[in-house]
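Input: one structure, supplied below.
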Amino acid sequence: MEYKVTVATGTSEYSGTNNYIYVTLVGERGESERTVLDNPGLDFRRGAVDDYTVKSSADLGPLILVRLEKQKYWVEDNWFCRYVKVSVPGQRCSYTFPCYRWLVGDKVVVELREGTAKKIKYTMNHWKEDWFFGYQFLNGSNPRMITKCKELPSNFPVTGDMVQSSLIPTTTLKEELKEGNIFLVDYAIMDGIPANVIRDRIQHIASPLCLLYEHPEKGLIPIAIQLGQKPDKDTPIFLPSDPPLAWLLAKMWVRHSEFQVFQLLSHLLRTHLVVEVICVSTLRQLPAVHPIYKLLTPHLRYTLEINCRGRTQLLSMDGIFKKVVSTGGDGLLILAQREYKVLTYRSLQPKFDFLDRGVTKLKDYFYRDHSMMLWNVIQNFVSGIVSLYYKSDSEVEQDSELQAWIHDVAVEGFLKTKEELITLLSVAIFTSTAQHAATNNGQFDWCAWVPNTPCTMRHPPPTDKDAVTMGMIMDTLPDISQSCVEMAITWHLGRAQPDAIPMGQYVEQYFTEPAALRVIDKFRKELKELEEQIIAQNEGLELQYLYLCPSRMENSITI
């Protein structure tokens, strides 16, 4: 594809520049080549409107943003950009990206959104609806918590009469439990976590249980919520039939727990920190010529750096979590320690994760479906590379460098077979690409409208359903400054990175052998086919799930 790109420079004095200007077009289906804008003669003169051609290996789909980069030529020379226009030859569609700002400094990057005015986000319109609440357990930023409920927990005394109005009239809770249509999300791990103190004011934490029903017409909907692990008169069971504000506040408390769990456990611990262990071991134990080093290193790019930044800027005692999140400070450390004790290698493998949670037949579980497709492609790729260098299980056992590597990963670990090696490497690559994308890339979508996923709560959970008022809800939610920080940090962490390398694209060519390069080419082809399949599955859906499109995933954890 070739795109016509028009760039307009400011008309005021000194608006022009002699620096290098690069542009990248970002669409729903991928990104264009990073292109230097250079025509014969002088570019970007004051008042100039210049046309350029930007090429892409494939149709990018509807354009989302334009990425502009400025680098100095001989000396630093500021530039004022008015706008960028993009048109597709042979098509009537065109896009305008207003800028109207100075680009100051060397290697400065700005990302411009398309200029069409847009109304409020989808989440803001639908966050109160029960189906949307249930949908987020399947395809939101924390899609790994929901489990099939075979029998109700003893500390969650829901009766059939309580929830009958939420079920179809011809069935009962007992029958739906037997049929496998009842599901549970349990935040027991939050029980007793010490709450943060923000500006001398104690915050509040709950440990909810949420019962959900796969309704044949409405989809997955909540039917009962208890905001603590110990049922008593001060811990009532909230129901959809309760006063609307009471039911809404109960759901908000569940979503508040979701924020803590997905940020600290599903995102930080189960992707960033798991991959950090593999990264450190790879750098310590495998020489750069080792095939496993060559296989893994593109998927470990910048992970140590971003983890160090996360520790200092997000998690430290003067970091962002301490300032605005209810589990900031000591709470997040205790929460992570609890999860670490129950984290299993088996749960990092998607097939077993879905089997063990009993969710293999849940409808519209796009995270599950796309994860399994990606896992198969990744495992085939890893198998192809490993089989080039290890012809038998004995060669795996006898590779002293490889054994030192796995020992560093798991202390007393020992690889005996090719299959074990392939699985472990697949886990490493899947975690650093697909699993991280699933928990990271959508957080602005789900958290920017703060009442949908509050970062903290300033009042304790309600004990009286009839006493809930809008004033109580507003006093409980994060205040304006906390909300602004939540919006800013989820935008920053979830946005597409300017120097992102999409999954399966290897800028550095570590493998030089033709056979290995053929395996990589096959991997890229399968990823492209998988993306086309995901795009086709989403056609016609009002709420699309595109976080696991390979072109939208990074090759490594860099944010």
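Placed from the backbone N, Cα and C atoms, the Cβ positions cover glycine too.
These came from TrEMBL, pasted as-is:
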| type | residues | note |
| --- | --- | --- |
| DOMAIN | 1-117 | domain 'PLAT' |
| BINDING | Asn39 | Ca(2+) 2 binding site |
| SITE | Trp102 | site 'Essential for stabilizing binding to COTL1' |
| DOMAIN | 126-559 | domain 'Lipoxygenase' |
| BINDING | His267, His272, His436, Ile559 | Fe cation binding site |
| COILED | 513-544 | coiled coil |
May I ask for the residues of the chain that lie six or more residues beyond the coiled coil (513-544) and have a Cβ under 8 Å from a Cβ within it?
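For the coiled coil (513-544), the sequence-distant neighbours (Cβ-Cβ under 8 Å, at least 6 residues beyond its ends) are 29, 61, 122, 135, 291, 294, 366, 369-370, 373-374, 377, 380-381, 384-385, 388, 503-506, 550-551.
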Radius 10 Å, atoms counted are CB only; among the binding-site residues His267, His272, His436, which position scores highest?
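Its Cβ has the most other Cβ atoms within 10 Å: His436.
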Which residues, same chain and not among His267, His272, His436, Ile559, have a CB within 8 angstroms of the centroid of the CB atoms at the recorded Fe cation site?
Leu268, Thr271, Ile306, Thr439, Asn440, Leu493, Ile557
Is it possible to list how many residues within the domain 'PLAT' (1-117) are helical, extended or coil according to DSSP?
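Across the domain 'PLAT' (1-117), the residues distribute as 0 helix, 61 strand, 56 coil.
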For the domain 'Lipoxygenase' (126-559), report the average pLDDT of the model, please.
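A mean pLDDT of 95 is what the model gives the domain 'Lipoxygenase' (126-559).
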Identify, in sequence order, the residues in the chain of the residue listed as 'Ca(2+) 2 binding site' that are 6 or more apart from it along the sequence and have a CB within less than 8 Å of its CB; answer 'none' if there are none.
Asp50, Asp51, Tyr52
Whole-number answer please: how many Å between the C-alpha atoms of His267 (Fe cation binding site) and Trp102 (site 'Essential for stabilizing binding to COTL1')?
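For His267 (Fe cation binding site) versus Trp102 (site 'Essential for stabilizing binding to COTL1'), the Cα atoms are 35 Å apart.
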As a test of the contact definition, list every same-chain residue at least 6 positions from Trp102 (site 'Essential for stabilizing binding to COTL1') whose Cβ is closer than 8 Å to its Cβ.
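Within the chain, Trp102 (site 'Essential for stabilizing binding to COTL1') has Cβ neighbours under 8 Å at Asn78, Trp79, Phe80.
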Please report the number of other Cβ atoms within 10 Å of the Cβ of Ile559 (Fe cation binding site).
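Around the Cβ of Ile559 (Fe cation binding site), 18 other Cβ atoms lie within 10 Å.
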